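Enquirer: One structure is given below, represented as structure tokens, and several questions about it will come after.
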Amino acid sequence: MVPPLLLIAVLVVYPLALVAVESAPAWGDVLGSVEFREALIRTVQIAVCSTIGCLVVGTFLAVVISFVPFPGARVVASLVDTMLALPSFLVALSFTFIYGTAGILRTGGFLTTPWAVVLAEITFYTPFVMRPLLAAMSRLPRAQLDVAASLGAGPWRVLRQVVLPEVRPAMVAGGSLTLLLTLNEFGIVLFLGAKGTTTLPMLVHTKGIVMFDYPAACAIAVVQIVLSLGLYALLRKALGGRRARLD
Amino acid sequence: MLVWTRPGKALTWIAFAVVFGVLVLAPFVVVIAAAFAGTWNGVLPSNPTAGHLQEALSGDELASLSVSLQTAFLGGLLAVAFGTWGALAAHGSRFGRVADALHHLPIAVPSVVVGLGLLVAFSRQPILLNGTKWIVVIAHLVLMVAFSYGTVAAALQRVDPSYADVAASLGASPARVLWQVRLPMLRPAIASAAGLSVALSMGEVGATIMVYPASWRTVPVSIFALSDRGQTFTAAAEALVLLTATVLVVFTVDRLRGRAVEQ
């Protein structure tokens, strides 16, 4: 019992505690700065928009794979599983070629807006919503759908009144996990690197590594920790006795 | 099952193909295409070349690949060992919930914050690691422990405890029960934790960029440096190298898991 916990204590708890201690002198400056408040609002906005987008796209894709299956649907489902292990910055890198000044769509201005971050996060995090949904949908008896349809319910009604109520817990689980991960997302924001889209993790990096202002970086990090852990605690509670799986 | 008419099905599939293709698949295809493109000024890339790939496999960039592989194996395997140890110890223990929460801490907060913490903690006495490769390895170890712990803990809940009890009742020592009964039963979970750890470690950027010394630059950091300097095609080529290396490693680990299940 002791050695693994000792490892976590020395390598995780001790550093995070030091971050809190080091942040003390910077609180006044950080909380008062426009830069910080804008980043905080931007972080939450981007996370909420991305999560809603992921839920819409992920639910649609999962419904088609599960209930309107086509040849190769299983391949697509396993592809989705693979994508979970890929790094998020690949998506941001590809956006340079798709939306960049000399790319496929040539919408140079788009890359510097928060919407580029939102679109990249939807691309990357949709599989995180799809996985629990696909699992829940595979447990749903097909007969239920057939009976509803045979009694005259159209596809929309079957979807709304039979499928969605059954998979709601999976949607809540996938959605809250995505919200946490998008609040914490760094790779995509770093690679897109637009001035107007500074988020809290990005600000921690800028203050700490570019400006060597450790106390300010620590203060922002503490806000981020409170935000993330608060949401994580809520997530575990919302999911009841079941563990909030992050992996 | 849901859509019964032929045109309805066709329409649904077209919508699926467009959404999945454009939103989910396209970015990955584009990076691979860009790795081989000399220029990209229209809808399709032009002047196919292997030059970028050659650049991505020589000099500093090749050194990065070696650094990434070493970090992923060292950090990942240590993470699997400690994650498995932690999960076994926490299982059925009074402190199970505390251990659970502590092990998930590194992935509940942003990786940048984990990196900042290590930077602040190990730039001073009593443990001075800043500027060495060990701070990078530790960052990866910390992040991957959380994933390994989660995978093994989930598997432990599905494993029937009576096998270990029977072995113990037949006189096997606790060490023998661990090595010959409990660990072999967890082998698929441990293998998949190892695959996941190595893959995530190869692509880790948040914590690494906070702590890395110039002498220990991983592939994602190199890709960012290239992309930041405007060398996007070489960045894409190195991303392809990263993807290929990751897939190869994960595939190899996955085969170990496959054999374990067949036994």
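Even glycines carry a Cβ here, placed using N, Cα and C.
Feature table excerpt (TrEMBL):
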type     : residues  : note
DOMAIN   : B:65-253  : domain 'ABC transmembrane type-1'
TRANSMEM : B:12-37   : transmembrane segment
TRANSMEM : B:67-90   : transmembrane segment
TRANSMEM : B:102-122 : transmembrane segment
TRANSMEM : B:134-156 : transmembrane segment
TRANSMEM : B:189-212 : transmembrane segment
TRANSMEM : B:232-253 : transmembrane segment
Enquirer: Would the transmembrane segment (B:189-212) count as touching the transmembrane segment (B:102-122), i.e. at least 3 C-beta pairs under 8 angstroms with sequence separation of 6+?
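Expert: Yes, since the transmembrane segment (B:102-122) and the transmembrane segment (B:189-212) share at least 3 Cβ pairs closer than 8 Å, they count as touching.
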Enquirer: At a Cβ cut-off of 8 Å, and with pairs 6 or more apart in sequence only, do we get at least 3 pairs between the transmembrane segment (B:67-90) and the transmembrane segment (B:134-156), yes or no?
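Expert: Contact between the transmembrane segment (B:67-90) and the transmembrane segment (B:134-156): present.
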Enquirer: Check the transmembrane segment (B:12-37) against each of B:134-156, B:189-212, B:232-253 and return whichever range has the most CB pairs under 8 Å.
Expert: B:232-253
